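Undergrad: Questions regarding the structure given below will be posed in turn.
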């Protein structure tokens, strides 16, 4: 079963509280999401492998450890996932970025695909699927299924907030995928929104209703 890693660094916890606040306007909301994504990237990259390499300093030659594998592909689920991409790219500037477009049917709450564009070598890299709100889990499950159908096997999921229902559904559908989240909230309401949550992440990021 995939692990659930709660990234609860004090700075993340503090900034997440500001993100939740309904009085936080879009500009600050975007900035805070960007900052939290950058902080969460430290935890995401903890398992990156290193190899010895020789470096010439101004004084002498020495052995150093440097990253040895291909950088990951960031896969934001449109549109809310876009808000976390730049923060991660600040730490991993050579990462590639793919895009998956899904929207949630308001009646069935199921994910419907409308866009898919990935780097040609995605199957050779680790993929970080980005979905700020893991609510029912339908969008994340659908996105990961699309990637696996194209021979992508090393996949992790990054979220701001997760509902227990979404975690359970994701683990049942994709037990090999680790989930990184800044918080696990209480439950989903009748409309499929996370409680207490932060509202609609996409609307708050982009100032739409």
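Indices start at 1 and increase along the chain as displayed.
Cβ atoms are placed via backbone N, Cα and C, with glycine included.
What TrEMBL says about a protein is an automatic prediction, not a curated fact.
Copied straight from TrEMBL:
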BINDING   79, 104, 131, 132, 133, 134, 135, 136, 137, 138, 139, 200  5-phospho-alpha-D-ribose 1-diphosphate binding site
BINDING   194, 199, 200, 201  uracil binding site
DOMAIN    6-208  domain 'Phosphoribosyltransferase'
Undergrad: Secondary structure at residue 194 (uracil binding site) (DSSP, helix/strand/coil)?
TA: strand
Undergrad: For residue 200 (uracil binding site) and residue 131 (5-phospho-alpha-D-ribose 1-diphosphate binding site), what Cα-Cα distance in Å is obtained after rounding to a whole number?
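TA: Between the alpha carbons of residue 200 (uracil binding site) and residue 131 (5-phospho-alpha-D-ribose 1-diphosphate binding site) there are 12 Å.
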Undergrad: Sorry to bug you, but what's the C-alpha spacing from residue 194 (uracil binding site) to residue 79 (5-phospho-alpha-D-ribose 1-diphosphate binding site), rounded to the closest Å?
TA: 18
Undergrad: Do you know which of the binding-site residues 131, 200 has the most other C-beta atoms within 10 angstroms of its C-beta?
TA: 131
Undergrad: Quick one: what's DSSP say for residue 139 (5-phospho-alpha-D-ribose 1-diphosphate binding site), helix, strand or coil?
TA: helix
Undergrad: Using the CB centroid of 194, 199, 200, 201 as the uracil site centre, which other residues of the same chain sit with their CB within 8 A?
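TA: Leaving out the recorded residues gives 80, 132, 133, 193, 197, 198, 202, 203, 204.
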Undergrad: Do any of 133, 135, 137, 139 (binding-site residues) have a CA within 10 A of residue 201 (uracil binding site), and if so which?
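TA: So the list reads 133.
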Undergrad: I'd like to know which of the binding-site residues 137, 199 has the most other Cβ atoms within 10 Å of its Cβ.
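TA: Ranked by Cβ atoms within 10 Å, first place goes to 137.
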Undergrad: Rounded to an integer, what is the Cα-Cα distance in Å between residue 131 (5-phospho-alpha-D-ribose 1-diphosphate binding site) and residue 194 (uracil binding site)?
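TA: Between the alpha carbons of residue 131 (5-phospho-alpha-D-ribose 1-diphosphate binding site) and residue 194 (uracil binding site) there are 13 Å.
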